[in-house]
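K.L.:
Here it is: the structure, laid out below.
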């Protein structure tokens, strides 16, 4: 079994400083076809992915544990929890994105769930990476907007999105995550990524609505430090072979 990987945040900072772009594959345990898991893991191991994110809007803790256990046994990539609620914590992972949903005003996702999770996380060896999570309007309602009962920020209101990202940085978040949402119709606008990259210092994660390799490269060119691919890989495990 792979040993726990340390200092993931420092590795992300180092990659940013050196101009190395990172790629995470997001796996939602509720969407995994378990009989095909070994095939899926083979494809991940053959892919250019540098990280694996695990989580979803609604995930049972036992299923999360099972998937992370398999990932740690059969891949060498850092496994990072991308939680939808405080129940999505597993000490088997390497790190957790400690999300605060800055685009919404639902106190549960701004601070309440974080308060619930903090005592649990203190009892683990998980690396906790505070992350300002910003939903961007994508042309259709996404699961995270529905579950969190919040509206994404207008994809044309660049000033508001920038101010939100800057506020997240000033609050002490280590990462900013621009999210169009799982299965988004439209990805985060490239001009928006570029604007934010030029005006904050911390690394930027971009996910949602990226459907091909060109979309990944475009996000990198705009200033994304780490791109997340989820639905596109779920729907086609040969995604990176195209």
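Glycine residues also receive a Cβ, built from the backbone N, Cα and C atoms like all the rest.
The Mg(2+) binding site feature in TrEMBL is assigned to 28, 57. Here TrEMBL flags 177, 178, 179, 180, 181, 182, 183, 208, 209, 230, 231 as sn-glycerol 1-phosphate binding site.
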K.L.:
For residue 183 (sn-glycerol 1-phosphate binding site) and residue 28 (Mg(2+) binding site), what Cα-Cα distance in Å is obtained after rounding to a whole number?
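P.N.:
Spelling it out, the Cα of residue 183 (sn-glycerol 1-phosphate binding site) and the Cα of residue 28 (Mg(2+) binding site) are 12 Å apart.
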K.L.:
Where residue 57 (Mg(2+) binding site) and residue 181 (sn-glycerol 1-phosphate binding site) are concerned, what is their Cα separation in Å, rounded?
P.N.:
10
K.L.:
Please give the sn-glycerol 1-phosphate site's span as the largest CA-CA distance among 177, 178, 179, 180, 181, 182, 183, 208, 209, 230, 231, to the nearest whole angstrom.
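P.N.:
Per the listed residues, the maximum Cα distance equals 17 Å.
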K.L.:
Long-range neighbours only, meaning 6 or more apart in sequence with Cβ under 8 Å: which ones does residue 177 (sn-glycerol 1-phosphate binding site) have?
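P.N.:
Counting only residues 6 or more apart in sequence, the Cβ neighbours of residue 177 (sn-glycerol 1-phosphate binding site) under 8 Å are 97, 99, 131, 132, 133, 134, 204, 205, 206, 207.
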K.L.:
Write out the long-range same-chain contacts of residue 179 (sn-glycerol 1-phosphate binding site), meaning residues 6 or more apart in sequence whose Cβ is under 8 Å from its Cβ.
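P.N.:
133, 134, 135, 136, 144, 188, 207, 208 - these are the non-local Cβ neighbours of residue 179 (sn-glycerol 1-phosphate binding site), listed in sequence order.
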K.L.:
Consider the binding-site residues 181, 209, 231 and say which one has the Cα lying nearest the Cα of residue 28 (Mg(2+) binding site).
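P.N.:
Checked the binding-site residues 181, 209, 231; minimum Cα distance to residue 28 (Mg(2+) binding site) goes to 231.
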K.L.:
Determine, from DSSP, whether residue 57 (Mg(2+) binding site) sits in helix, strand or coil.
P.N.:
coil
